[in-house]
There are 2 protein chains.
Amino acid sequence: MHWLDAVRWNDDGLVVAIAQDWQTGKVLMQAWMNREALTLTVQEQRGIYWSRSRGKLWRKGESSGHVQELKELRLDCDGDSILLLVEQLGGMACHTGRESCYFNRLHQGEWVAEEPVLKDPAAIYGNSGETNIE
Amino acid sequence: MHWLDAVRWNDDGLVVAIAQDWQTGKVLMQAWMNREALTLTVQEQRGIYWSRSRGKLWRKGESSGHVQELKELRLDCDGDSILLLVEQLGGMACHTGRESCYFNRLHQGEWVAEEPVLKDPAAIYGNSGETNIE
């Protein structure tokens with residue numbers, strides 16, 4: 001079987017993709033891939049996703065320069081979730097200028113933004129409009 | 001705003017939930033939660049998911065004993081993905097008896113099962129039928 005056929009795509013032809021820093025183990029973000037995005041991720045050895053909101057391929061870092069270099073690709077036991085171990089160039093995955101998108105921690109019934117903003121999003125993206133918001 | 005209302009549930013009323021070992025940083029599994037599952041996860045301080053295949057709440061570890069004690073709960077920047085930092089009792093999250101569900105690594109165009117089976121699934125579940133397969 002071709003390795004792409006081991007993936008259980010959902011009804012929209014997508015699979016969950018989780019990006020994790022290959023050295024620190026920090027979970028950076030979660031997005032989605034279609035067959036083309038996954039194929040290109042492996043071919044180009046970088047994180048390439050399917051943006052649901054924009055309805056097109058999203059080469060992570062195409063505007064920000066914050067490319068995710070692929071170190072390892074993993075598939076879960078039932079084939080519907082993919083884990084990318086990556087080197088996150090620029091040290092930030094989130095469009096808010098933080099290292100990780102998971103910066104809201106539940107504390108006493110409220111979400112508290114915990115991680116520092118490393119760079120002003122306006123400085124990251126200029127007027128390009130690329131964000132992590134799918 | 002109530003913290004539950006900050007979550008962007010999908011059309012099925014679900015949100016992606018990723019469980020990560022709070023000490024090693026290992027990504028253990030990915031499942032789904034509905035509003036009730038997330039509420040109970042916080043109330044009971046353990047990983048409780050919505051099983052899409054069984055159409056019911058899934059208290060991880062209810063049959064295996066491999067409960068996930070919640071250490072920290074995080075929400076991503078656009079509110080559609082949740083990260084649980086957990087202590088994985090029994091040291092394995094996967095129904096195959098492995099620590100992590102992401103045991104298939106892509107190597108030269110093939111998925112290679114890499115992690116050791118720590119315990120025979122038959123010994124974990126007996127005839128209870130609980131698995132991670134949603």
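From the backbone N, Cα and C atoms, a Cβ is placed for every residue, glycine too.
No curator has checked TrEMBL annotations; they are predicted automatically.
Taken from TrEMBL, the feature domain 'Phosphoribosyl-AMP cyclohydrolase' covers A:29-103.
Neighbour list (A:ASP80 (Mg(2+) binding site), Cβ cut-off 8 Å, at least 6 residues apart, same chain): A:VAL7, A:ARG8, A:ASN10, A:VAL15, A:VAL16. Here TrEMBL flags A:ASP76, A:ASP78, A:ASP80 as Mg(2+) binding site.
Annotation comment: TrEMBL describes A:CYS77, A:CYS94, A:CYS101 as Zn(2+) binding site.
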* **Same-chain residues at least 6 apart in sequence whose Cβ lies under 8 Å from A:ASP78 (Mg(2+) binding site)** => A:ARG8
* Structure fact -> Rounded Cα distance, in Å, between A:CYS101 (Zn(2+) binding site) and A:ASP76 (Mg(2+) binding site) is 22
* Asked: Including all protein chains displayed, how many Cβ atoms other than that of A:ASP76 (Mg(2+) binding site) lie within 10 Å of its Cβ?
  -> 25
* Tally every other Cβ atom lying within 10 Å of the Cβ atom of A:CYS94 (Zn(2+) binding site). => 24
* Structure fact -> For the binding-site residues A:CYS77, A:CYS101, the largest set of other C-beta atoms within 10 Å encircles the C-beta of A:CYS101
